[in-house]
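Feature list (source: TrEMBL):
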type: TRANSMEM; residues: 12-40; note: transmembrane segment
type: TRANSMEM; residues: 52-72; note: transmembrane segment
type: TRANSMEM; residues: 92-113; note: transmembrane segment
type: TRANSMEM; residues: 133-156; note: transmembrane segment
type: TRANSMEM; residues: 192-213; note: transmembrane segment
type: TRANSMEM; residues: 239-261; note: transmembrane segment
type: TRANSMEM; residues: 267-289; note: transmembrane segment
């Protein structure tokens, strides 16, 4: 009876996580397709589109890898003991997760530099050269994420080889002791990625808020509406959504560490729900904060609704 309850709980968890993952993959696939279509038509991409394109690709792949890992963990856990499967999944997961957060941080910094107005010479230099800096920032983010993925692969490979014994076939492993305590460096590394990206979001929000306050203070004597104020407000909404999402994910990391020490399956399930919902929800916020993407999405949804009504 207990085994059947565990199986039913795992199946329910996989069903909910699958719904979140596939919805998020659809949203990010839409984001990538629209930007690629614009790329083909214009033969070029601006800096904002480059960041969104890479962000959509990394989130689509992240949700795919994360869903595979969650599915195997809940339904076929022994498949994770096949040699190199666990290491490859965790390494790819860490690479894509780090890429997701660092590219998101680059998007926050881009909004801040592009929209905020300061007379500091360093800030002016960044503002003038931001379009040339963005590709290097994205390349650096991907290289850094790749290093983290390789490092995670190496950590798990050493931990697994130390704590799991080969069977006589040499293909599968049999667990001898719990190995969660050996994965603490992974959570420390994840915490480092979350914290640095979170700090970038906080600084971007503070600079934008201060720039908005200064601009509104100057516009108090002018009754005309300012496009700069509208741009500030739109950017602030996006960055505040970043701040909220990052806060929730940072709390999920803390919950993960608590669940490892207390062995709370319900907490792990809650963390999985949060981590699978974040890429889709945040990308949806980005779509609705971009007039072109929002218009395209609404047009597709209206066409789909008309076809459904005709049937």
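Including glycine, each Cβ sits where the backbone N, Cα and C put it.
Note that TrEMBL annotation is computational and uncurated.
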Long-range environment of the transmembrane segment (92-113) - Cβ separation under 8 angstroms, sequence gap at least 6: 47-48, 51-52, 54-55, 58-59, 61-62, 65-66, 69, 123, 126-127, 130, 134, 137-138, 141-142, 144-146, 148-149, 152, 186, 189-190, 193-194, 196-197, 200-201, 203-205, 207-208, 235, 238-239, 242, 246, 279, 282
For the transmembrane segment (12-40), sequence-distant contacts whose Cβ falls under 8 Å of one of its Cβ atoms, 6 or more beyond its ends: 49, 52-53, 55-57, 59-60, 63-64, 66-67, 70-71, 74-75, 269, 272-273, 276-277, 279-281, 283-284, 286-287, 292-293, 296-297, 300
Spatial neighbours of the transmembrane segment (52-72) far in sequence, C-beta under 8 Å, 6+ residues away: 13-14, 17-18, 21-22, 24-25, 28-29, 31-32, 35-36, 39, 45, 79-80, 85, 89-90, 92-93, 96-97, 99-100, 103-104, 107, 138, 142, 272, 275-276, 279-280, 283, 286, 290
